[in-house]
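Q: Quick one: this structure, given as structure tokens, is what I'll be asking you about.
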């Protein structure tokens, strides 16, 4: 029987001082011996996805206490990728994931907490906390802040459209859009608290937490503003005490993160990711989370799944006017998992924090097969249409559910958006260890593409080239030395891809990089090229005018340069050192240098690898 970790600090004569300090936080004599549950919050006023979380940690704490536990809250940092985008602030985004994981470990281990409820939401916070959960392997339940409502605007020509943050970015660089329309788009794009409303990285990761079995049904899609989301927080507080007691008092290891998020659960999550056309960043994060838990989940697994899992759901940025609120109306993540289950693409036996197996959860919560009144009510939660930063502030309901699996937001495997899934792994001489493309966002006309390289040594240089007309139809924009080591920090490339769209080149150009992309990216955008340029990858040998051949159906990417020429270039580059040809005006802090020193390549999740 495992001993409660917290008794290290609450029991024994030698812990009199520690008990005195616990009492100073509000713990009473009668509380000693109860499980101590860490409420791992991430409230900040910098991030719309987290601005409403301030009081939610204490809401969970009260439920923990009512269920017989001691609740103690702390906060992690949270970087807003949208605000950090397009300048050197983006260098800090991915490294913040490791800092979040470390800070959770530090707090939980320093104070010997028995379990935790993780309140996350945006891009690096959910994966950072998931990494910590796998690392610590104590009972954990995730509940995120929820998606933002989509913006609604009427343009000058009378068109009414749903939109999001990325629409504002694209519109800003489109000379055809009037100042008045741009102002209207900007003001309407982000109307409420919550994670940005498309299937971007934040929402993708919160959806995947459902498939991993570590969060409750509806976590990925119930709007931040809706009253129904409150139930997820209350249930998390109650349930964490139950599963904690099962582990420590009944010796039940099946409730631990590593037992729940097994290899099979990661395959389920990746199948969901491919089916819903999630952000390419999810690949990076799932690899990192798996590594923390010692799970043998690799790019080869992702490649194999991408060849058999169809695309069953298309959401912004992969299609216009469809956002997370629409996915929710169609049954949310449990509905997509249900369609994958019907196609034999889900392992039903994986346990979860809320049901004995994911199969049992699907049977209850998939509205296409279940008449469970709780499920059918949950997925009627609709946007309120009122700008707000207050959680649970509206209770609007859809008039009906979207159960159309032939033409609706969620499709069956018999009527998919495409037989090929929404993500693919490409390999070839320019990416020997692989790279990632979000096929759900690629137009069918350019699934096979060949073009001349236009090489840039930084994201800033590429943006300048695109905006000044130096990039033309038929070009393959190459942005290098932006990987985990080379950036450092592996910046997102949302501005270059958005500007290609605004210049009318979204279907006429490709972009490849050893950096990564925002979840808001679409188009022929190929990221995570591994090995990266700074690690001696072939992408560092590409020269202007070289032909690059991309064949997504055959999963290949090739630099059409003879091997002897590449060998000569490599010898020349070895002599010079693997660094940008033109010096960059970039201030790299000591903190970023530490990350770069230990960062692995993208195919390993860009985690830190310590020397043995």
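Heads up, the Cβ atoms here are built off N, Cα and C, so glycines get one too.
Swiss-Prot lists 81, 123, 124, 492 with the feature Mg(2+) binding site, giving sequence analysis as the kind of evidence. Taken from Swiss-Prot, the feature [2Fe-2S] cluster binding site covers 122, 196. If you look up Swiss-Prot, you'll see 124 marked as N6-carboxylysine. Positions annotated as active site, proton acceptor by Swiss-Prot, on the basis of sequence analysis: 518.
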Q: Just the number: how many Å between the Cα atoms of residue 81 (Mg(2+) binding site) and residue 518 (active site, proton acceptor)?
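A: Pair distance, Cα basis, whole Å: 8 Å.
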Q: Suppose the Mg(2+) site is 81, 123, 124, 492. Which further residues of the same chain have a Cβ inside 8 angstroms of that site's Cβ centroid?
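A: Along the chain, the qualifying residues are 79, 84, 90, 93, 94, 122, 201, 202, 281, 518.
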Q: Pick the one among the binding-site residues 81, 123, 492 whose Cβ has the fewest other Cβ atoms within 10 Å in this structure.
A: 81
Q: According to DSSP, which of helix, strand or coil covers residue 124 (Mg(2+) binding site)?
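A: Coil, per DSSP.
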Q: I want to check the contact list for residue 196 ([2Fe-2S] cluster binding site): same chain, sequence separation of six or more, C-beta distance under 8 angstroms. What comes out?
A: 48, 49, 82, 147, 148, 164, 165, 166, 190, 202, 203, 520
Q: Should residue 492 (Mg(2+) binding site) be counted as helix, strand, or coil on the basis of DSSP?
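A: It is in a strand.
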Q: Near residue 124 (Mg(2+) binding site), which residues of its own chain have a C-beta under 8 A away, given they sit six or more steps off in sequence?
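A: Residue 124 (Mg(2+) binding site) has long-range Cβ partners 78, 79, 81, 93, 94, 96, 97, 100.
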Q: Select the closest residue to residue 518 (active site, proton acceptor) from the following binding-site residues, measuring between CA atoms: 122, 123, 492.
A: 492
Q: Just counting, how many other CB atoms are there within 10 A of the CB of residue 518 (active site, proton acceptor)?
A: 31
Q: Let's check the environment of residue 122 ([2Fe-2S] cluster binding site): how many other CB atoms sit within 10 Å of its CB?
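A: For residue 122 ([2Fe-2S] cluster binding site), the count of other Cβ atoms within 10 Å is 28.
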Q: What three-state class does DSSP give residue 81 (Mg(2+) binding site)?
A: helix
